[in-house]
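Over in TrEMBL, the protein carries these features:
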type     : residues : note
DOMAIN   : 106-237  : domain 'O-antigen ligase-related'
TRANSMEM : 20-41    : transmembrane segment
TRANSMEM : 62-82    : transmembrane segment
TRANSMEM : 102-120  : transmembrane segment
TRANSMEM : 141-158  : transmembrane segment
TRANSMEM : 228-252  : transmembrane segment
TRANSMEM : 282-302  : transmembrane segment
Amino acid sequence: VGLFYIFIRVMRSEDRIRWFLISAIAGIFVLCLAGLSQYIFGEDFIRHRPLMDGRVQSTMKAPTDMAAYLMTFAPLVLMLAWKTRELHAFTIRVVSERNLRLFFLFVFVVLVFCLGLTYSRGGWLAFVLGMTGMAILEKRLRIPVVLLMIAFWMYFPHKMVTERAHMDATLVMDSFGRKTFWTESWHLIQAKGLFGGGLNAYVDAVVPFKINWGEYPHNCYLQMWAEIGIFGLLSFLWIHATIFYNAVAVVLKSNHEACRRLLPALLLGYAGFLFHSGFDTFFYSASLGTFLWILMALAVALTRMACCNIKEASPR
């Protein structure tokens with residue numbers, strides 16, 4: 001939470017936000033290159049993590065973590081590639097528009113390929129939601145997005161079945177135990193759902209309701225409900241709802257080109273991350289939990305930048 005407020009206070013100028021986004025995309029590009037190295041040579045070139053079960057994780061702790069990270073930035077990178085001319089002044093001004101477009105397009109292609117190689121079904125579904133949102137925002141993107149989704153779903157599920165030893169076609173959309181995990185959580189919620197079983201006490205609190213797992217439920221919302229109760233969960237969701245509401249309200253009024261293009265793309269990735277968190281434990285990961293608060297702060301910073309533009313443009 002402290003990082004959230006610090007980030008908002010630091011990101012007070014358009015130039016700082018611009019350089020943060022450039023640095024983030026450069027980091028994603030390096031992360032993807034490390035992932036490709038891991039897939040081709042058996043280990044990434046940064047932390048030398050080996051390829052496990054055919055799934056790319058690059059420098060992240062798990063393939064699902066990498067999927068969450070890549071999926072979040074996919075709409076933003078696609079928007080930069082699609083609207084390079086309009087957003088050129090907000091990116092790297094010394095690079096020509098054509099070269100910049102090619103770079104963003106290349107980053108997007110590598111990002112999508114690495115996302116596919118994580119074999120994270122939750123990440124894939126969140127990616128589909130993000131791309132669907134992009135197709136709604138940009139009508140001319142609809143056909144390319146549909147073609148991309150067809151190619152993605154024809155290639156990667158088949159590749160996952162052939163490359164992972166324990167997989168077959170019947171398991172492509174299997175929950176891999178999550179139904180049991182969620183059932184245990186629901187039983188705990190039924191018993192202590194009002195105030196919860198205690199912060200970070202899920203593993204101890206779920207013991208009486210254990211079926212065959214008794215560990216984290218791989219659903220951040222069920223875990224939060226079970227730990228801090230319904231009021232705690234609703235308070236957390238209210239924060240996100242407020243950020244989304246204010247951002248959308250500002251986008252509808254703003255004439256700032258960067259905000260009108262980048263903020264909706266960022267919100268799509270943000271929403272995808274929240275969706276994907278319903279299938280994993282991202283809120284309880286040190287790296288991805290921190291990433292979520294930075295993502296929230298970035299959305300607030302872009303919203304504030306758009307608000308300032310509206311005030312400057314309004315008649316006095």
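Just so it is clear, glycine is given a Cβ too, placed from its N, Cα and C backbone atoms.
The average pLDDT the prediction assigns to the domain 'O-antigen ligase-related' (106-237) is 88.
Using DSSP to sort the residues of the domain 'O-antigen ligase-related' (106-237) gives these counts of helix, strand and coil: 97 helix, 0 strand, 35 coil. When Cβ-Cβ distances below 8 Å are used as the criterion, the transmembrane segment (102-120) is approached by residues 25, 28-29, 31-33, 35-36, 39, 54-58, 63-64, 66-68, 70-71, 73-74, 77-78, 80-81, 84, 95, 127, 148, 152, 155-156, 159-160, 164 of the same chain, each at least six residues removed from its ends. If one looks beyond the transmembrane segment (228-252) by at least 6 residues along the same chain, the residues whose Cβ comes under 8 Å of a Cβ in the stretch are 192-196, 199, 221, 259-260, 263-264, 267, 270-271, 274, 296, 299-300, 302-303, 306-307, 310. A Cβ distance under 8 Å defines the sequence-distant neighbours of the transmembrane segment (141-158), meaning residues of its chain 6+ beyond its ends; these are 78, 82, 112, 116-117, 119, 124, 127-128, 131-132, 134-135, 172.
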